[in-house]
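Each remark here refers to the structure printed beneath this line.
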Amino acid sequence: MTYLLALDQGTSSSRSIVFDERGRIVAQAQRELPQIYPRPGWVEHDPREIWRTQLATAQDALREARITAQDVRALGITNQRETTVLWNRRTGQPVHHAIVWQDRRAEPACAQLREQGHAAAIQAKTGLLIDAYFSGTKLQWLLDHVPGARDAAEAGELAFGTVDSWLIWQLTGGTRHVTDVSNASRTMLFNVHTNQWDDELLQLLRIPRALMPEVLPSASDFGATDAALLGGPIAIGGVAGDQQSALFGQACFTAGMAKNTYGTGCFMLMHTGSRFQKSENGLLTTSAAQASRSPEYAMEGSVFVGGAVVQWLRDGLRAISASSEVQALAESVPDSGGVMMVPAFTGLGAPYWKPDARGTITGLTRGTTIAHIARAALESIAYQSAALLAAMSRDAVAAGGAPVSELRVDGGACVNDLLMQFQADLLGIPVVRPAVVETTALGAAYLAGLASGVYASTDELSALWQAERRFTPTLPRSQAEALMARWEHAVAQAVLPG
């Protein structure tokens, strides 16, 4: 039996999963990762804890699977994107906590870039909107605020990386400073047309090129693990940011294929093939995971509050005592009774981009019960995702393609049958849940398998992908369109005047 090991480093935990060559889970392990909140709007991790927890889960997973390093053909890494680590090349020690993707401290630098008129040029080169979310201004902040960091960086003494780079550095004993195109494309420093760091963007943000890792395709030779760590060397063959890895794990390899990950928020990606396409509908363009040196792209949109609305029902309203209870409560009524919820607790993300929007519940009557509100909360996840898919389809059609014909789903909330059926009804296309829902880790394993010869091509991976359940639309299109019109009216009400 051939095995592949996937390291899945996330915002709240580090996980490792052992897969067999058919993509089936053999064993898995998880360790919590504490977050650090030094000030309002600031979010950090200790990079040493990222490494400690990730290594421990890899060791645990191999032990649980009752295999050794010699049984593992290759290792793949997938990771929280944009989170920024800066470390000393000689000692291997971080010079500061990692600045997490959620952190907003670089917003003043972003505002300055926008005011100086750089938005169009940055989007043209990177596919991204100027935002503190991305790594570039986080790195700029570290160089400007950590004593001695800028001088050390210019002297070539420091290394920058997203979480994948940091893990590879540690896994290889400091011999490899590399990343992949999907992670590089989230820095706001990477030219997605040339697949290279962009000198003009580096100069604009005053970042020395000596800091930057080598960029490789997502299925490549990233080095091998130090033999002392896992009981023997293991080739590192696959690396991809979490959302691009999930797209790959869902076998979305061709233009027009799309997936939605239902987590705390929702992340929807649509593959656009070898075509870089600028969105006219509020979406980002990003590099997809690349199995070869040929550039591949995707359009991406994110919903800020997805499964988090269920947590709010539990912790805020105390309508349920456990998240798993929401489906039964929502199913206790035939519909939402006219109640519409817009969970804009932190504004609205794509395709609206309304940071000043606030959460609303409309359509309340004396007959409204907590079950109606729970159903409206659950349905709000589907409404937001439907608006996102409509924006993607408009972009696809504008570029001469076809609208998305099927949505593949993963993430914690995809197990909710009521939500998935309502999603299919709103979209008017099938929603497909895979047999293996750990698609983020599976994508990393698939990439490692391609690099190490376990798989000959992505065609082989497409044949391995299996659906667990297919939700087909049951609602007439006229009804679905009327519901979406009510949703858009509710969104307009959620935007504060002035």
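Heads up, the Cβ atoms here are built off N, Cα and C, so glycines get one too.
From the candidate list TYR37, TYR133, TYR262, the residue Swiss-Prot records in the glycerol site shared with ARG81, GLU82, ASP242, GLN243 is TYR133. Of the residues THR264, THR346, THR458, Swiss-Prot places THR264 in the same ADP site as THR11, ARG15, GLY307, GLY412, ASN416. The sparsest Cβ neighbourhood within 10 Å, among the listed binding-site residues (THR11, SER13, ASN416), is found at SER13. Comparing Cβ neighbour counts within 10 Å across the binding-site residues SER12, ARG15, TYR133, GLY307, GLY412, the minimum falls on SER12.
Listed in chain order, the extra residues whose Cβ falls within 8 Å of the Cβ center of the glycerol site residues ARG81, GLU82, TYR133, ASP242, GLN243 are GLN80, THR83, TRP101, ARG186, GLY241. Of all the binding-site residues given, namely ARG81, GLU82, GLN311, those whose Cα is no farther than the 10 Å limit from the Cα of GLN243 (glycerol binding site) are ARG81. For the recorded site, THR11 (ATP binding site), the DSSP three-state label reads coil. Distances between the Cα of TYR133 (sn-glycerol 3-phosphate binding site) and those of the binding-site residues THR11, SER12, SER13, GLY412 are shortest for THR11. ASP242 (sn-glycerol 3-phosphate binding site) and THR11 (ATP binding site) are 11 Å apart (CA-CA, integer value).
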